[in-house]
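Over in Swiss-Prot, the protein carries these features:
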- 38, 176, 180: L-tyrosine binding site (BINDING)
- 239: ATP binding site (BINDING)
- 359-426: domain 'S4 RNA-binding' (DOMAIN)
- 43-52: motif ''HIGH' region' (MOTIF)
- 236-240: motif ''KMSKS' region' (MOTIF)
C-alpha cells in the first residue's frame, strides 16, 4: 500500500473527509506521483484562528505522504469576502489593512509545513499576484463566460443568502465564486496543482474551480472537503466567553490556548484528538479505552492540550503553559517568568490596573470582587484563604505594595483554591 492510500484511509478513519470528487480516481492520481494541492486562507483578521487548524494540518498530512502543499493567502479574495453560508455581507477592508494581514498570515501558515528544497517543499502564494494582473474585460471574457448564473444561484451557499429576507447578496460577493474558481485554474496552469482542499462550506466554490479548470485548461482536477468542527453541545467551536481562540500568541496566549483544549468536553475529546493531532487512530482508541476503564480524571484532555499547544506554539510555548498551570494550581509562583505573567495579564486571569503605590488587601479583595464586602474580606484573611504572590496573608490590616510586586509589576491575589485576580502596577 502506498503512503497516499494510507493517507486517504487515515483521513477517512479520522472522519476528516466530508466530500470528495471522484474518490477512486483521486486515489489513483495521488498514488502515481508527487502531486500539488492547495488550500486557501482569506485574511479576514490579522491572525488565523483555530478554525483554520484542520486544513493546515491536512496540508501537513499530505506533505508527509510525499505531496507538495500550497497555502494560498487571499490578498485579492480577502478584499471581496466569501459569502458562503454567511448571514450578512462582510465589511470591506482597505488594501493596506488586508495587505498587512496577508503578511502576518503568511508567517503563521509557514509554521505548519516544511519549506524544503525537495520536490514536495511547501510554498505560500498570494492570489493578488494573478488576479491583480487581469483586467475587467479579460476576466468577463475568459472567466465569466464559463459560468451560468442559473447554476450559481442554485449553490446552497448562495441560495441561503438570496432566500433570507432582508439580506440578499451584492454582485461583489456573488462574484467571489468566480475569483476562487480562477485561483484553481491559475494554480493548475502555473504550478500543476490538481487538488483543492477546504472546509465543507467551500464545496460549491471548489466544484466551480474544478469545472473552470476543465474548461480553461482542459485538465482533470479534484476537490476534497473537510468537515466543519462542531461541539457535541451545539455551541460554536473555537469561541469562548472571552472571544475567539487565535493562533497568534499576542492575541491568545499559549496558556489560554492550552487551557481551552484542557477544557474540552469528554464527548468531544477523542474526536478532537483525531482531528487536531498526529497520534495514530490506534493510539487515540487506546487512550479512549483507558479513560473508560480507569476511574478519575481522563487523560484525553491533557494529551490533546499538550499535542495541539506544541504544534502551534512549540516546545517553549507548551512548557510555559504547563509551568503557569502548575504554579496556579499549587500556589507556588516562584517558577514563573516575567513572560509567563505577561501571558496571564493578556488573557489568563481577571486583571486590574493599579496606579497607587499601595492599597490594603481588604480593599483589593472587594475591588476585584474576590469578596463582596470588607467584612467578608477580613473573614477570608482570618481563615487563611488569601495569598499574595504565593504567600499567605494573615494580617487583616496588611497592605499591597508595588515594591513587593513580581518583576516590579505584578501581584497575584488568590482566594481559596481557584479564585484569582492579577494586579498590574502602573
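Here, residue 1 is simply the first one shown, and the rest follow in order.
Using the three backbone atoms N, Cα and C, a Cβ is placed for every residue, glycine included.
Here the features listed in Swiss-Prot are painted onto the structure.
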residue: 38; record: L-tyrosine binding site; CB count, 10 Å: 23
residue: 176; record: L-tyrosine binding site; CB count, 10 Å: 22
residue: 180; record: L-tyrosine binding site; CB count, 10 Å: 29
residue: 239; record: ATP binding site; CB count, 10 Å: 15
Greatest inter-residue Cα distance in Å for the L-tyrosine-binding set 38, 176, 180: 18
Rounding to whole Å, the Cα atoms of the residue listed as 'ATP binding site' and residue 176 (L-tyrosine binding site) are apart by 26
Which residue counts does DSSP yield for the motif ''HIGH' region' (43-52) in the helix, strand and coil classes, in that order? 3 helix, 1 strand, 6 coil
What mean pLDDT score does the domain 'S4 RNA-binding' (359-426) have in the model? 94
Name the secondary structure element type, per DSSP in three states, that contains residue 239 (ATP binding site). strand
What counts of helix, strand and coil residues does DSSP assign across the domain 'S4 RNA-binding' (359-426)? 19 helix, 24 strand, 25 coil
